[in-house]
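Asker: Quick paste of what Swiss-Prot says about this protein:
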BINDING   10, 11, 12, 13, 14, 15, 16, 17  ATP binding site
């Protein structure tokens, strides 16, 4: 068993999730984790790039540099907290910060910032990054990548297991006995809810969904939001902030007398029902499980609404299966680093649409 570090900064832009795991590729144990905050100014600068308000190459290059230092500092903080030497770590798997993902364009591309040369040089640890573009070079979406890891953890169930990750975007992995893994992004997760509460209350997220719970669902608005053509597209598919953001959302609420808390309730229901519309297709009998991870697993009202819409499902978090729901994605990128170091496949072509299996990622040596 070797030790790997996983670094994840998702579409919620709420900081760096850092983990150390021990793995041989088939078994993975979480040894420890740390959350490392992102400077508010860096978050604001990133949001400007992600929403297209800032396209200056000099600014983007500087953010790439700043993020490299942030990820390196998160790594050193984690090692110090757990009293583990950098020499004990085989490699770091760094997802980077996605600022644009365009898999369906004439010239498909994805862009993650966070200079891995800086991470490797500053920590003294070989770093694996740029996980998505090899899959895209093979005709895939480059996302989601986590279903391959979910299959390692939860694969071959007797009944159907649906692993639901709710970060800024929601994605699902469908695990069924004797069937290929299915996985794709269902649509928004916390992203729109977080943006809305930040704009109206100055808070970074809606704790427990309390503000959404205080509102009433606006059916007219909900139905309009669900007309987005993304939801009718067949999988494999993936999405991000470039499709679902407040600028896109503004067209539906302009000059409407909606109360902010009612809009929040509707955004939560938008997330829930676009998830449910997808997962219900994979129900088998009355023994289907929905295992939730990511930040959305802490939103009590959201979890209640999922159970409401899926009365015959067992809805729980992955914590109930001894897998930390907060660190699933960071653990996945530690595992992806292991796969790359050993030249093992780490994508699921049935999930991403790639033409074949491949070992994803580029190695940035420390020396």
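Any Cβ shown, glycine's included, is placed from N, Cα and C.
Note that the coordinates shown come from a computational prediction; the quantities given were computed from them, not determined experimentally.
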Asker: If you count the C-beta atoms lying within 10 Å of each candidate's C-beta, which of the binding-site residues 13, 16 ends up with the smallest number?
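Answerer: Sparsest of the binding-site residues 13, 16 by Cβ contacts within 10 Å: 13.
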Asker: Using a 10 Å radius around each Cβ and all protein chains in view, which of these binding-site residues has the most neighbours: 14, 17?
Answerer: 17
Asker: Give me the count of other Cβ atoms within 10 A of the Cβ belonging to residue 11 (ATP binding site).
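Answerer: Cβ-Cβ neighbours of residue 11 (ATP binding site) within 10 Å number 22.
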Asker: Measuring CB to CB from residue 15 (ATP binding site), give everything in the same chain under 8 Å that is also at least six residues away in sequence.
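Answerer: Set apart from residue 15 (ATP binding site) by at least 6 residues yet with Cβ under 8 Å, we have 9, 35, 36, 37, 38.
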Asker: Neighbours of the ATP site 10, 11, 12, 13, 14, 15, 16, 17: Cβ within 8 Å of the Cβ centroid, same chain, sequence order.
Answerer: 8, 9, 38, 167, 168
Asker: Tell me, how many other CB atoms lie within 10 A of the CB of residue 10 (ATP binding site), whichever protein chain they belong to?
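Answerer: Excluding its own Cβ, residue 10 (ATP binding site) sees 23 Cβ atoms within 10 Å.
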